[in-house]
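**Student:** Following this message is one structure expressed as structure tokens.
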Amino acid sequence: MDTAARQLQAEVNRLQHELQTLKVQYLNDDDELITISEYILKRLEQLNVTSIFGVPGDFNMPFLDFIEDHPTIEWIGNCNELNAAYAADGYARVKEHSIGVVVTTFGVGELSAINGIAGAFSEMVPVLHIVGVPSTTQLKNKPMLHHTLGNGKFDVYTKAAEQVTIAQAMLMNKTQAATEIDRLLTECIVHARPVYLTLPMDLTTEKIPAKRLKVELSRTPPPNDPDVESYVLDEIMELVDDAKQDIIVLVDACAIRHDMRQEVNDLLVTTQFPVYATPMGKTAVSEEHERYGGIYIGSITHPSIKERVENANLILSIGGLKSDFNTGMFTYRIPATHTIELHSDHTLVRHAKFPGIGMKSLLPKLTERLSKYQEGASRIPVPHYKLDVPKESDDKISHAYFWPRVGKFFRKQDVIVAETGTSNFGMMDVPMPEKSVFVSQILYGSIGWATASTLGAALAARDKCLGRTILFTGDGSMELTVQEISTMTHHNLTPILFVLNNKGYNIERHLHGLNRKYNDIVDWKWTSLLTTLGDLEGKMSKSYTVRSKSELNKLLDDEEFASAQKIQLVEVIMDKYDTPRALQAAADLTAKMAAGHL
């Protein structure tokens, strides 16, 4: 054998040895075993989860040991399970490309959380609900355990969860554990809905192969049928041609929930079409965008915006969600013949529905074909909506004054949380700065949601290095979930909490029972809350009461206050019967609906 041949053979031998080494290493990697608890947490780590919410109970504590010992995921112990579910919801909304996670115990804990999970389902928020349950032996034998109904029916809680989650997995052995966990998480992130996982105590430490962790979970929705998608694009383009460039884009909630912000922005840059948003779509598009015209809420809309939207030849609706409060009590005046609706799992072109044609794949292709309209569309003027602070003769803080004024207080990248009702309606017309995040629960509308949700929102904002977290809520709403302020303080969060003190349920008063006692509440000493709930020495917080415009302006202009270095609560004294413009209009429409006049 000559020298060249020997060198070649040596190289072949070397490569074969390296290949064998890699095979052995791969097999060893495949043979790696980790506990089911570690597998769950590793998947959550891959999804960029850094906080898990919940309340300890004897059936979930074996799993909590693993959470507490995890190097990058922090256990956020809550005051009750409902608050924990609300916090997980707020966390998922702000974190994006991630999910919220809540851990409860069997029966009593999970039922306490179920209202929060239902809200996440209603509003399409991805939340994983992990329930620590009795051992697999106990689940099979059904003894009369605590936290059960005492009738041997161990599946009643799971049946309840099935109504408010998109997928469920009840682990009973280690064989299918990894497959089931991955299935659940994929459903959660693709469909933006909550899912439910039961984890028996005896399975928390069972070991399973780790090899599936090498493959990332898919975030991609099911592919569109290419032939149907092509037909839909042709149909849309025909309508666009007929519209003679009088086209507007209307962005709604599902554009946020299904991660369409970038695709929507690409559409606007490419086409220069005017764009408007719904209340649930607020901040899906930058409200400082040069082509942004304001919020459309049916008949409640500002007249100039209403006229522009309803008179357009064609409306391209992205991620629409036509609930009562999101549509001005169903007062849209937009005919289906002038509308194209893009949704996560179907497309509507006028009256024709195309199931399985989702916007994630469709919109980029549509954007490319619409680029030729940019020059003409860019010449269509879009008056930039602004909300001036009114000049009022007295010094009392009115809603007409308060909301435009706090709008001037907002900064780029602020996270703004508004409670269902007064705060939500007050905030609708307020323009938001660039890259700000607006968080509200307009569809489900669970009173008290916002305070606990602020905990999750503030943690996510800290993770993402966003701006301040600012809550607007009413005194009645905060009394439901106020305990979670202590959790905020414990974790060194510094939100600004505006509490509107109008001595009761303002939205309820204006919907029904203006002078009824059931809409009144017991007043609290609001400025003592922070030092009661966590800041016992009074060094980590500051509280204020403002009773007049001058006091409000002085506080909002104070740089130390605005810097949000401490958790701060602002009690805003308002008239018992005053209410935002949009809320009064919605209440009037509700009364007409109740009387059968709409």
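Placement of Cβ uses the backbone N, Cα and C atoms for every residue, glycine included.
Automatic, uncurated: that is what TrEMBL annotation is.
The feature domain 'Thiamine pyrophosphate enzyme N-terminal TPP-binding' is assigned by TrEMBL to 35-146. According to TrEMBL, the feature domain 'Thiamine pyrophosphate enzyme central' maps to 234-352. Sequence annotations record features per position, and here TrEMBL assigns domain 'Thiamine pyrophosphate enzyme TPP-binding' to 431-512. Sequence annotations record features per position, and here TrEMBL assigns Mg(2+) binding site to D475, N502, G504.
Help me picture these features in the structure, burial and contacts included.
**Tutor:** The average pLDDT computed over the domain 'Thiamine pyrophosphate enzyme N-terminal TPP-binding' (35-146) stands at 97.
For the domain 'Thiamine pyrophosphate enzyme central' (234-352), DSSP puts the residue distribution at 42 helix, 28 strand, 49 coil.
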**Student:** Using a Cβ-Cβ cut-off under 8 angstroms and a sequence gap of six or more, which residues of the chain neighbour D475 (Mg(2+) binding site)?
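**Tutor:** Residues satisfying the criterion: V499, L500, N501, N502, K503, G504, I521, D523, W524, W526.
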**Student:** Setting D475, N502, G504 aside, what same-chain residues sit with their Cβ within 8 Å of the center of the Cβ atoms that define the Mg(2+) site, listed in sequence order?
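**Tutor:** So the additional residues around the site are G474, G476, L500, N501, K503, Y505, N506, D520, I521, M574, K576.
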